[in-house]
Each structure stands twice: as C-alpha cells, then as structure tokens.
C-alpha cells in the first residue's frame, strides 16, 4: 500500500490529470520510447502489414509499459540513439505550423495540443527544454491551457475542471507576461466551464474609456491607429476649405487634437473643422464636455470649429440624415477605430452600417481593427488564435520601455476584459469578434468600397512616430497592399486601412 502511494506521488501531475501514468523520473525514457514507436509506425512496411490488425490495443494509461509492449509486438530493435536527456518530446508531431497535437488512442480520445510556442526548428517533433524551471513551467502552462480548452470544446467538463485548476496553480508560479495572460485565460475558461456569464465591456463604458486611456499611454498601438488614420484624412482633405469628420466611436476624443493642430498649420490657412462624435446613451454628458474642451483648443490655435454629439444605442441605429452633411461646402470623412468588429455579433449589422456610411458619400473611410481572427465558429480554433494574439500583446507590455505600474496594470485589465469576452461569451454577448485585414477587405468590397493606399509617406512617418514614442525595439510597421500594420516582433497586431465608395457605386448613384 505504501509503495503504491509513493508511486502515485511520483507521477507527473499534468499527465495524471489527463489520465496517463508516467513517473517524473521516467519522462526521458518514455519520450525515447514514443519517439522510437513513431519511427516504426511511420514505416510503410509496418503500415502495409497485418501486424497491427492482430493486436489488441488497450487504453495506454501506463505510457511506459504500453510503448514498450507496442515496440515488442512490432519486432522493433532500437539502434544506438543519442537522445539528449534534457529534451522531452511531446506525444506527437506538429499537425501544422501553429499547433501540435497528440495521437488519439482508439478507446480514450485523449490528446495534448500545443499552440505556436512549440519550437520545431530542430526536429519534426516538438521539443521542450527541461533545464530551466521557469521554462518548463511555462511549457506546462501552455499545455494545460490548450488541453483545458480542448476538453471544453469536447464538453468533457470533468477533465476541464481538473485542468483549469492546474492552470491556475501553474500561472501563479509563472513570472512575466505568460503568467499574467494565462491568469486571464484561466478565468475565462473557468467562466465557460461553470457557466458564469462574463460582463460585457459595453456594460460600463466610462470604465472602459478609462482603461483605454491607460492603454493609450502604455504602448503605441492606439497612437499608431490615430496617427495613420489622421494621415489618410489629411491627404483626403488637402485642398478642402471645410472638413467634416464623423467619428463612429468618439470615446475620449484622443485622436482629434493632433489633427486639429495639423489643420491649423496647413499652408494657406486652416479649413473649418466640424466633428460629429458618436457614442452610447450613457456617454452623452461626457461627449458634450469633450466637445467643449475641443472648442477651447480650436479657439487657441485658430481653427473654426463646430461639434455635435450623437448618442445611439447601437451603430446600426445611425441614419444618413442624422449627420446633416453639407456636400457643397465640406469634404466628408468617416473614421472608425476598433468599432466595426463589434457589429459582427448581430447578423446584418455591419452591412447596415456600411450602407449608411456609403449613403453619406464620404471622401474617405478610415478603419483600424485588431489583426486577428476571433470570429470563428469553432471554439478551439478561436481559443488558440486568441492565446497567441494576446500573449504577444502582453509580451509587448512586459518587454517595452519602462511603463508606470498603474498604466501597465490598467492596460492588462483592458486586454483581460477582451480575453474574457472572446473565450467565455457566446451569441450576441460575444462582441470582441476581431477579423483579419483580408477578411475586412472582402467585407468592404462586398459593401461597395474600394481600398485607398496609405502611401509610402504614411509608412515612413508611422515608423518615425514609432521611434519617437520610445515603444521599444520589438515594434515594427509593416506595409500590406496599401494598408499599414503594427507588429510586435513578427506578429502583426493591428491593421489600419482606408476606403472610398467604389467608382461603380458612385457612378450608379449619379
């Protein structure tokens, strides 16, 4: 009895949660046997023979004995292998570049999947370095997260419950960005497992705006979004004597002081500037205060200014006549920063809004969105994409320049609320439905818009802004068929694009 308890205590905790019995001291040996077994099973002679047909394969909960038995039955005699004992292979090779999955036994359907953090540069099989405790914990943390998500996807809530607790304990011991992002994903998974409905970011817009302001100060993502959109607007209104901008999400209005100052410095004098700011019903007072502050700035810099706030329950409630356009005297611009993806929660909503925008005939429509695919119907794919995306965002916060602790924490909360919505919510409650630039191109084309190139000048100026903002060496601006992206390391995270009503549509309207 004592020997059995001792053996149970020596079992690897993560694999035990999945139902596999492997002593920690046997990990390297088991990895070697699994590698040998994979080599044998990949041999065409073995697959074409009847060797596997005459064998009864039981649930391999004891991985070591099972692998040894399989090798014996297949008459495998191992060559002399130089297997590095500091490496351990996962249970199977990568299924593709972004995910590695394990084999599934006929009777158990047990699998382990890893996200894009697996390093397969030296082998066709994922390899985990065991030399450093924090690195080993990080790999186990990613394994547990994705295994938990897969259990949720398969509606195996008993296994999911065990794994989400494991994730929590691993995240608590993991320092840095990975531990932080894992904590939010663990909470999101727990909410999904235990049917705890996450609060929508739209429930408290004022709090969301405060978080967004801290995010603005902490990293260059929003600054890049505002700057690239403003550059496109300035080019579109270069000769206009009157400019009317419709901002589909005015929030704190952080984008507009810089544009107003640029207009004030325009050779030949500033054009008149009219701003229509759209917000929710609870934002009415804040929008009017913002208009007053912008009016003060306009007076100080000599820009003729007019402001109107529009409050609507949802953007689809907007109608063309609400904007009181003056086509004879003003060049019209529509601006959207991180607003359009939320409409994808309601079928037909994005089409309705774009039809309204097209009806007011803007000179240009500027759009900034997250460069991610979080709108897929398959939960597991959405989870893996989100884990990769937000890990990069948290990593950029961690590795960037020195950020005041309050700004960093509030920025993490800002992103964490998005994680909860992407992972734990469904239906119309799931509003963080980010899509990639390629997906938006298809949507915009279908709605009757043609792309407008942001140009090489915008690329150079955005790169200069990035350098001046001191965001760190990991950020880079990338050009993508006339649009601009801001990436952390090699991962594009937000995309800025510009659009105009297609010539065919414009001709038809005339």
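Note: Cβ is positioned from N, Cα and C throughout, glycine not excepted.
Pulled from TrEMBL, these are the features on record:
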DOMAIN    12-78  domain 'Transcriptional factor DELLA N-terminal'
REGION    212-277  region 'VHIID'
MOTIF     243-247  motif 'VHIID'
REGION    289-321  region 'Leucine repeat II (LRII)'
MOTIF     340-344  motif 'LXXLL motif'
REGION    424-500  region 'SAW'
Looking only at the domain 'Transcriptional factor DELLA N-terminal' (12-78), mean pLDDT returns 53
Sequence-distant residues near the region 'Leucine repeat II (LRII)' (289-321) by C-beta distance (under 8 Å, 6 or more away from its ends) are 248, 250, 252-253, 256-257, 260-261, 263-264, 270-281, 283, 339, 343, 346, 349, 352-353, 356, 359-360
Sequence-distant residues near the motif 'LXXLL motif' (340-344) by C-beta distance (under 8 Å, 6 or more away from its ends) are 202, 248, 314-316, 350, 353, 367, 369-370, 375, 431-435, 440
Using DSSP three-state counts, the residues of the motif 'VHIID' (243-247) come to 0 helix, 5 strand, 0 coil
